[in-house]
Structure formats: C-alpha cells, structure tokens
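Enquirer: Handing you a structure now.
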Amino acid sequence: MARPLKTIALEPIKQPERFTKEDFLSQEDITQALDLALKQVRLNMDYFKEDFPTPATKDNQYAIMDNTEWTNAFWTGCLWLAYEYSGDDAIKALAQANDLSFLDRVTRDIELDHHDLGFLYTPSCMAEWKLLKTPESREAALKAADKLVQRYQDKGGFIQAWGELGKKEDYRLIIDCLLNIQLLFFASQETGDNRYRDMAINHFYASANHVIRDDASAYHTFYFDPETGDPVKGVTRQGYSDDSAWARGQAWGIYGIPLTYRFLKEPELIQLFKGMTHYFLNRLPKDQVSYWDLIFGDGSEQSRDSSATAIAVCGIHEMLKTLPDHDPDKKTYEAAMHSMLRALIKDYANKDLKPGAPLLLHGVYSWHSGKGVDEGNIWGDYYYLEALLRFYKDWNPYW
C-alpha cells in the first residue's frame, strides 16, 4: 500500500542541449577507461595487500589501515567490479580474503555502532553472495543487517545515523542511509522476515518526507523529537550550510530512490527522483562535474566533488531501466549521464598510475574539517568503476 509522500518541486531541465554537444560514449571509450582503472586496481592490490585504504588520499596517495572505517568495503567493491570485468582469479581471491575480514568484523562487533552497515557489507559480502553464493558472505551480510536494525527508532520510524541511541542530540537520520537500507531489503528477501523490509520502507518515507526539501534539494541530516517522533529540523554536517545542498547528499538521493523503487514500485518515487535529479543537473558547471556543494558554480574557486557526479551517474542509469521510452525526460537523462561520465573519464580519472593512487581525482571528503579536499576518495573510486561497468555490460547491482 502506498504511503503518503509529499510533492516536491520539479524544475525544468535548463539547456538540455548542453548534454548533447558530444557523441555518447562508445564501447571503446568505456573499455579504455576500464583498462586504465584495472591497472590502478592491480597496483593497489600489491600496495594494500589484505589491508585497506584510508577514506581519502593525501597528495593523491592513500595510506594503509585496518578494517575499522565506514569506507573500507568500497575498496573491496572495487575488487569485485575489477573481477567481473577481468575474470582474474587473483583479484577474486583478494576480494574473498577481504570479505572474511568483514565476517570477522561483524562477528566481533568492531566499530559498527553507526548506520553505515550497508556501505560496509553491500559492496563486499553482498557482492560476493550475488556473484559466488559463498555461505560465509551471506552470513556476514545477514549479521550486518541484524546489527543495523538495532539502530531503528520506532518514534519517527527511521534508522538513527550516529551517536547514542535515543539521545536528543543524536536523534537524526541522514540522506546517505538511502543506500544503507538496501541491506535490509536483501535480508528480508533472504530470510523471508518482513521486519527488515518494513524498517527499510519506514526509513525511506521518513527520509523522503523530511530530509528532502520542498524545492527538491536535500538536507544532509534531519532531527526528530525522541519523545514524540515529530520532525524537528534539517541541518548539515558535510554541506556548506544548513540551507545549501551538499552535492554528495543530493547524489545519494538520486541513487537511493531508484534502488528502493525496485521493491516499492510506487510511481510517486519516480517524481521524487526527477525532482532531485533536475535540481542536480541544473546546478552542474560547464564541465558537468559538480562542485562539492550545489550552492557553488563556475567561477566560485571551490573544489569539485567528482564522487558526487559518479554516484549520480549510477543513480540515473538505474532509473533508466524503469522509465518507459515515452517519458519526456528519458533522452535528456541518458545524454546527461553520458556527458557526466565522459567528463570524469577525460578530466578526472587518474592517469598517473602508481601504487596507492586513486582511480578518480578531485573529490571532497569533508570540507569543514579539511579532510580529503581536492583529493581522491575510495567511494569515488568505487562508484566511478561501477558506472563504467554499468555502461560496459548489463550489470547486476550489488545494492
């Protein structure tokens, strides 16, 4: 049964012809980009061995860390994507070794008191289960889902992002979690237990009705009253200001909505996707790669966030599977994702291959804290590689 979903603004796409100045990417374009990325992945395999990269680079060089960050599985996801493209058993073996580390992490409950269980267990263990059906990978993903539902708050109907459960100062969701709830849909499908699905759906509607603004932009986070569950206010933690639109947050919405649509099939979700996507496309600079916050445009001298553009490409590609050919925006969406990915390949993909280097340059991790500004980041690497594989073949999402 459909739930109430607020109506948001739908801006017309401005100057859609800007996305058709160049031809669509050819299979040769994609293959060349994948071959280059694969070379960097192989260099990084020797560099990281069975450890993991830090979330972002410093001077375009990852440091090496253990499996304790929220970002670690994006490297493992790069390995699974590279394995799908190459068929190289050495890549598969390292990815499986990584996944055993994730099984150990969830079994021992190491640094998992947050909402990012989907980011940790989808591109790693869920990917392995979908590709190889190894029982250990399924076990790890289901344990992670059980850990994630512990953060569900009945009052407000959402998964609390961070902090002490139920504490007023921490009683909020964040837009990123639209990707994390895909782990709960997976758990429901695998176990037949609708409890996971129900929590995911409740969280989705809490997000759609509150963290997404009426003008189709998004807050980063949204607070609820822990006593009543009533909505309180939207604030940022990563964006420029509480009133601006953090580019990566907007992209999480663009991707999270079509992923959730697969399970809900509610037409209102398409309109939600369109609103958020049009808002994003209308604020791209001339080279089609977003600044780190959509409040900035050409001439602002701010940093881009290439990872946000890579995520948006994946989201548009996912929704295009659903949109009928007669949809008035479908051709523009297709042209836009080709234009954005072409820009990433041409001007943002790392071509200076060396151990520990990123696949994708010019991202932003956290502007306010000065972390990873105009650097590579591992989720940018992952979503760039995912976008390439989506264009290369009929790819079955890990999400």
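Including glycine, each Cβ sits where the backbone N, Cα and C put it.
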Enquirer: Of the candidates D116, D298, D325, which does Swiss-Prot annotate as part of the substrate site that also includes D176, G234, T236, R248, W252, S366, S369?
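Expert: Checking D116, D298, D325 against Swiss-Prot: the substrate site match is D116.
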Enquirer: Tell me whether S369 (substrate binding site) sits in a helix, a strand or coil according to DSSP.
Expert: coil
Enquirer: What's the number of neighbouring CB atoms sitting within 10 A of the CB on G234 (substrate binding site)?
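Expert: Summing over all protein chains shown, G234 (substrate binding site) has 19 other Cβ atoms within 10 Å.
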